[in-house]
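**Student:** Once you've had a glance at the structure underneath, I'll fire off some questions.
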Amino acid sequence: MARIPGRPDYDALIKLLLVGDSGVGKSCLLLRFTDDMFTSSFITTIGIDFKIKKVDVDGKLVKLQIWDTAGQERFRTITSAYYRGAQGIILVYDITDEASFNNVRNWMRNIEQHASDNVNKILVGNKLDLAEDKRVVSIARGQALADEFGFRFYETSAKDNVHVEEAFIAVAKDVLARMEGEHANQQLLQQQQLSAAQPVRLTSGSPSPAQGKSCCR
């Protein structure tokens, strides 16, 4: 169906945030998803970077604005402001790096402190292509942590393009479903408020209180 001129060329705009330790592959995941490219010579993100991609989510055209945050401690104050506007958060660790997995709890504390209470989140264990020789975090441990927090869980490889799109689409679906539910609830509330505000009118045939039967005999 043709879009009306002057209106957005998408059905929904969703802001996603990639967080996790430096070096876990957040920028590589973003580049693979948005541009279907991979490079092993990424320079560590300085501050904030973002890309945009439009995707089909359950028949709706969704514009994803995906923000890639720096993982180093000295940039935490910069990235904290971006939590507040995020509708979905992808929390990434490196399956070959125990410290990055342990730090997931620290990132969760940041999310709980700065992000909206209803923000959708998923957990991603990246660098699956190195699993055979260098894995130190098992699938079971990753899944157990995701279950503890109530997250979806994916293991991905930006290099081999494994489960990358599925992870981004999954969080986008969760956000879209929540947004639609909130919109429906808001419409219902407005209808209820409108109904409550309508005055009650008596028809001409309705007896007034004075015309009722007297309790006196």
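Glycine residues also receive a Cβ, built from the backbone N, Cα and C atoms like all the rest.
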**Student:** Name the residue range among 42-50, 60-68, 123-131 that Swiss-Prot annotates as motif 'Effector region'.
**Tutor:** 42-50
**Student:** Average pLDDT across the motif 'Effector region' (42-50)?
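**Tutor:** Result for the motif 'Effector region' (42-50): average pLDDT 69.
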**Student:** Counting all other Cβ atoms within 10 Å across every protein chain shown, which of the binding-site residues LYS26, THR69 scores highest?
**Tutor:** LYS26
